Every structure is written in structure tokens, then in C-alpha cells.
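Scroll down for the structure; my scribbles are underneath it.
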Amino acid sequence: MRVSEGRVTVTVPEQPEAGKGADVFFNPVQELNRDITVAALRAYRERTPRVSTYLDATAASGIRGVRAAANDWETTLCDIDDDATALCEQNLERNDLAASVRRSDANVLMHSEAFDVVDVDPFGTPIPFADAAVQGTKHLLCVTATDTAPLCGAHFESGVRSYGAVPRNTEFHAEMGMRVLLSAMVRTAARYDIAARPILSHATKHYARTYLEFDHGAKVANDCIDELGYVHHCQHCLWRDHDYGLIADPPEDCPVCEKHLQTAGPIWLGRTCDPEFVSAVSEQVSEEMGTADEAKELLATLGAEIDTPTHYDQHRLCKRWGRGAEAMDEFIEKLRDAGYAASRTHYGGTTFKTDADVVEIREATAD
């Protein structure tokens, strides 16, 4: 079937039958992801004018790479499958675009050549591509993970094996998954004396997506490692805290209710977005994008999120406290009136971030 996104029209496998067992995988749900990718590429080229080359490392139908080529990037589309590379060539020709199509193992290509921007968007975990992607990237590495159950702690052992961290299935599980992914990528880059800093990240529709800007040198890589640490969380009263470092030192019990705490990590505790870059990406969202309104709304929320490592869900808190929920704007305003920083988050309509702890939140928002 044919699909139009942005400035291009491509042929993709029939859906919904296509999946991991199909010859060429295409996910229509990821149109928002691809729209934001195009906007991010436009914004990054303005941020770093010397960049020009882009690798779609796991191309499949090639829709992401074709869209990059339509935005004047010197694009390489890579896939190990014959049907996929044939489809990539067909889709480039259909749109009268020039790009290089490579039938290759993505890891082999990324170990042998380097690109200004590398995009790794596989089915499932990106970790099998992580080392090669770091070595094959000059400036910006874009990564998608769709294995949200391991990332978020729902499939605990798989998460530990894949990401080298202890994930926990908390009420902020989407953010947990994002920060576990970032931790794994930051640690991978640091092994090569590279600082990989997220300038845009979001957890949307059962996937996590991040854009990591590279800086080279042992010192800056060490600075990134310093932003890893652990979150300690109480499942009973929802209290949580975090500390930095690669050695966990959790409190013995919850300081509020004295119940047992769960510890997750090492995860990324630093910023997941650069607000200035997020704003620049939003300005590059254009009307021909099918998810333009949704993308702008998401980016506006991301840009306004305060910098704390976890978020809360008002409905879950109020249920624990035995009181009714209220309008989010009113709830957040109460926190601000009490002197705390607070913002909505993109993780859900009833989620928020604040520098208040769970006891302070309850007191500040009481009637």
C-alpha cells in the first residue's frame, strides 16, 4: 500500500499483518516519531550548519531515510534484507530523490563508516546496535526503543540483561524506561571517551525516543557519568528520592511510612531535553506533517517540563490519600502558590513534576 508523510509518498507492506516476522517492517503509529525526526533534523542543521550526512541504519521500507533525503540530507539507507533495500530504492525513485542504499549489517556499516547523524530505529531494543552506532556517529545519534516492557521493569530480567540496569515497574514507569535507555547509551558512549547528552527525548505510544548530541573527550564523558545514579521508591506511600553515583546507597526504609523501598538504577538523572533545542524543533514542525498539531503540543509540554528525575500521577496520589482528584491546572497552581516548582509532563494527562516531596505535595494541595 502507499503512504504519504510530509513531502513524500512511499510503498510500504500491508498492515497490520506486517511485524517482526515480515520481510519489511513498517509501523504507522510512529508517524509522530518520524515527523519530529524531520523537524529535529531541520533544527539541528541550523544548530550545527556543517552537518550534512544522515544514516538510516535500520531502514526497512526506507520512509525515514526518504524523508531525510527530501529535506536535502546526504542520506544512506541501510538494511540487511534484500526486499527492504529493493523497496528503499523504489521509494527513492518514486519521489525522484538521490540517496545511497546499502545492503549490509548495520553494525558492519557503522563500524566502517561515520556519519554526521545516525538514526537507529529497530524493532525492539536498540542495544545490539549501540556500540557500532556510537562509533559511527560524528555529531547526533537518534535512538528509538520499542521494548518498553523490559525498559520499564515489567519484564525485569530482560531489562537487566539488555540495559545493564535494574528497572522498576513504578507509577512513573514510562520515565523509568526513558532514563534506563539513556543510562545505557551514555555508558556505552563513555567507553569511547564520548559524552552523549540528550537534547530531545520523549516516551510516546509504547516507545522511547532520544536524540543524543556528542562531545569528545574523557573529561566530558566523565561529566556524563556523574549524572547517573539511583532512584529509591516506596510503593506504599509513593515517596521517592534519588542519589548520584554508580554505587547504590539506599535508605533502609521509607522515611515517611517505614515500608520497604525499591531501588532502580543506574539510570540517567540529568536533563532529558535541552529546552532551547526543543523550541527550535517546534519551529520546524510544518503544516504538511500529518501529526503537526500533536507534535507541537508534545514539544510545548517537553519544553516546559521542570528538571526532576521522576514524575507523579495526581490520580494515583489522590487515591492513596482518599480524596478526589481536581483539575490539573488548579492542582499545579496550588504547588506553585506554596513556593514549589511544578509543571505538567508529557507522560500522561494527570502527570506532573515538582521539587516538592510527597508529604509536601499533600500538604500544599489540601483543601
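Cβ atoms are placed via backbone N, Cα and C, with glycine included.
Quick look at what Swiss-Prot lists:
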- 1-365: domain 'Trm1 methyltransferase' (DOMAIN)
- Arg34, Arg64, Asp79, Asp105, Ala106: S-adenosyl-L-methionine binding site (BINDING)
- Cys234, Cys237, Cys254, Cys257: Zn(2+) binding site (BINDING)
Problem - Residues that sit under 8 angstroms from Arg64 (S-adenosyl-L-methionine binding site) by C-beta distance, when 6+ apart in the chain - result: Arg34, Thr37, Asp56, Asp119, Asp121
Exercise for the section: For Cys237 (Zn(2+) binding site), just count the other CB atoms lying within 10 A of its CB, please. Expected result: 18
Handout entry: Sorted by sequence, non-Cys234, Cys237, Cys254, Cys257 residues with Cβ within 8 Å of centre, Zn(2+)
Key = Gln235, His236, Leu238, Trp239, Pro255, Val256, Glu258, Lys259, Leu261
Completion exercise
CA pair Cys234 (Zn(2+) binding site) / Asp79 (S-adenosyl-L-methionine binding site), Å rounded to integer, equals 44
Handout entry: binding-site residues listed as Ala106, Cys234, Cys254, Cys257, least Cβ neighbours within 10 Å
Key = Cys257
Handout entry: Alpha-carbon distance [Ala106 (S-adenosyl-L-methionine binding site); Cys254 (Zn(2+) binding site)] in Å
Key = 46
Practice task
Could you state the whole-number distance in Å separating the C-alpha atoms of Cys237 (Zn(2+) binding site) and Ala106 (S-adenosyl-L-methionine binding site)?
Solution key: 46
Fill in the blank from the handout: For Cys257 (Zn(2+) binding site), the three-state DSSP class is coil
Problem - For the domain 'Trm1 methyltransferase' (1-365), the mean pLDDT of the predicted model - result: 95
Handout entry: Ala106 (S-adenosyl-L-methionine binding site) and Cys257 (Zn(2+) binding site), distance between Cα atoms, whole Å
Key = 50
Completion exercise
According to DSSP, Cys237 (Zn(2+) binding site) sits in coil
Exercise for the section: Please report the number of other Cβ atoms within 10 Å of the Cβ of Arg34 (S-adenosyl-L-methionine binding site). Expected result: 21
Problem - Structural state of Arg64 (S-adenosyl-L-methionine binding site), classified by DSSP into three states - result: helix
Problem - Proximal but sequence-remote residues of the same chain as Asp79 (S-adenosyl-L-methionine binding site) (Cβ under 8 Å, at least 6 apart) - result: Thr58, Ala59, Ala60, Gly62, Thr85, Cys88, Arg102, Arg103, Ala106
